[in-house]
Amino acid sequence: MNTSVPPAVSPNITVLAPGKGPWQVAFIGITTGLLSLATVTGNLLVLISFKVNTELKTVNNYFLLSLACADLIIGTFSMNLYTTYLLMGHWALGTLACDLWLALDYVASNASVMNLLLISFDRYFSVTRPLSYRAKRTPRRAALMIGLAWLVSFVLWAPAILFWQYLVGERTVLAGQCYIQFLSQPIITFGTAMAAFYLPVTVMCTLYWRIYRETENRARELAALQGSETPGKGGGSSSSSERSQPGAEGSPESPPGRCCRCCRAPRLLQAYSWKEEEEEDEGSMESLTSSEGEEPGSEVVIKMPMVDSEAQAPTKQPPKSSPNTVKRPTKKGRDRGGKGQKPRGKEQLAKRKTFSLVKEKKAARTLSAILLAFILTWTPYNIMVLVSTFCKDCVPETLWELGYWLCYVNSTVNPMCYALCNKAFRDTFRLLLLCRWDKRRWRKIPKRPGSVHRTPSRQC
């Protein structure tokens with residue numbers, strides 16, 4: 001991801017001197033070719049995964065999709081054209097191709113850094129202003145922000161690169177070389193690097209620190225909430241009052257075995273429900289908001305067959321309850337007329353907070369991986385920019401070339417960061433690479449009334 005002044009077009013960079021040995025040329029060509037292939041393949045996997053797996057179509061992943069588009073441009077055009085430039089020792093494709101390459105490279109680079117800023121601000125506001133911000137956080141709004149980022153990048157760089165020679169009345173770029181004409185002075189290159197790299201990195205690191213602090217505060221609050229529940233967990237007073245079931249109320253003759261099985265079932269169902277929600281949101285970087293809007297007083301009725309028992313005594317059925325019905329309250333609702341609901345409400349609140357905290361930590365982990373890769377790959381070049389401002393000839397040509405390619409390697413690393421930190425991306429990549437992806441193998445499983453969750457069938 002080329003996010004500041006590319007070393008390839010800096011006046012401090014010279015092309016490979018003629019006379020390089022054939023083995024050196026072969027090594028450079030093979031290495032850069034493999035890097036380009038890996039970059040294109042990885043980012044194409046991101047785009048295809050987003051298309052075929054609906055679980056990945058979340059608001060925050062739209063920003064990753066835009067980032068992958070910029071990286072794909074870098075891997076397809078920038079890497080290969082610069083490799084040609086290095087191996088030939090001069091620019092042989094003409095001035096128009098040079099300006100178009102530079103414009104495309106800079107627009108994609110600036111769009112990349114702006115997408116990183118969007119991701120950082122999105123995570124920051126999601127954590128610090130969960131109610132007000134998430135109400136406005138829609139795919140349409142995310143697409144608008146991404147489009148604006150690309151438009152601003154285009155307006156900032158493309159006209160200046162393409163038309164500067166006409167504004168000043170002449171083209172001063174030396175024959176056989178390719179660089180931006182108005183960046184011919186080191187001090188201008190330095191100012192551009194400060195605005196395009198150091199300032200955004202400072203903002204992103206500050207936002208990440210705030211996100212980390214807020215997440216830690218939530219973890220402490222959750223620990224305190226769970227600690228306050230501990231004394232009430234031994235009584236089990238809510239097990240009979242929260243559910244209406246056969247033999248659960250006022251029937252001392254109920255067989256213990258049957259009652260025990262019935263009482264265990266809702267807990268198993270509830271645990272499955274939470275596990276299923278967590279699996280669904282494994283690939284999502286959004287925070288839990290839907291459960292906040294559930295209407296109090298509502299209940300979920302789960303139909304399940306009763307377990308037959310051989311030594312079963314006749315029991316008295318409670319009024320208005322079918323033998324195979326188990327009722328449990330929704331996350332914020334309570335079973336009408338039930339007793340002991342306060343501990344149950346606290347338990348659900350703790351689970352909801354735990355689930356939200358886990359998702360926030362996953363999102364922060366992905367952001368930290370992308371940000372770390374960006375800093376590690378772009379810092380060496382930008383340090384050289386600072387040095388060259390005060391000492392023009394202090395940076396060897398080889399270091400400029402390595403610093404440049406290290407910048408491009410960031411576009412190769414980004415898809416690996418998505419797969420490393422996001423299980424949904426990782427599983428989808430694996431199925432695509434093994435040619436085992438088949439939409440017909442995906443089945444719909446109801447997660448809660450009115451919602452659908454897609455999970456791969458066992459055949460996958």
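Backbone N, Cα and C atoms are what each Cβ position is placed from, and that goes for glycine too.
According to Swiss-Prot, the compositional bias 'Low complexity' annotation covers 238-257. Residues or ranges marked as compositional bias 'Basic residues' by Swiss-Prot: 328-343. Under the heading disulfide bond, Swiss-Prot lists Cys98-Cys178. Taken from Swiss-Prot, the feature N-linked glycosylation site covers Asn2, Asn12. If you look up Swiss-Prot, you'll see Thr230, Thr428, Thr455 marked as phosphothreonine. Under the heading phosphoserine, Swiss-Prot lists Ser254, Ser451, Ser457. What Swiss-Prot lists as region 'Disordered' is 225-257, 274-297, 310-351. Per Swiss-Prot, topological domain 'Extracellular' is recorded for 1-22, 85-95, 165-185, 391-397, and the stated evidence type is similarity to another entry. Taken from Swiss-Prot, the feature topological domain 'Cytoplasmic' covers 49-62, 122-142, 210-366, 421-460, and the record attributes it to similarity to another entry. Under the heading transmembrane segment, Swiss-Prot lists 23-48, 63-84, 96-121, 143-164, 186-209, 367-390, 398-420, citing similarity to another entry as support.
Everything Swiss-Prot records as a feature, shown here on the structure.
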{"residue": "Cys98", "record": "disulfide bond", "CB count, 10 Å": "20"}
{"residue": "Cys178", "record": "disulfide bond", "CB count, 10 Å": "23"}
{"residue": "Thr428", "record": "phosphothreonine", "CB count, 10 Å": "25"}
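Beyond its flanks by at least six residues, the transmembrane segment (367-390) meets 1, 3-5, 7, 10, 12, 67, 116, 119-120, 123, 186-187, 189-190, 193, 197-198, 201, 204-205, 208, 211, 399-400, 402-404, 406-407, 409-410, 413-414, 417, 420-421 of its own chain at Cβ-Cβ distances under 8 Å.
The stretch from 23-48, 63-84, 143-164, 398-420 with the most CB pairs below 8 A to the transmembrane segment (96-121) is 143-164. DSSP gives Cys98 (disulfide bond) a helix state. For the topological domain 'Extracellular' (165-185), residue counts in helix, strand and coil come to 7 helix, 0 strand, 14 coil, using DSSP. Taking the Cα atom of each, Thr428 (phosphothreonine) and Cys98 (disulfide bond) are about 38 angstrom apart. When secondary structure is read from DSSP and collapsed to three states, Thr428 (phosphothreonine) falls in the helix class. Taking the topological domain 'Extracellular' (391-397) as a whole, pLDDT averages 85 in the prediction.
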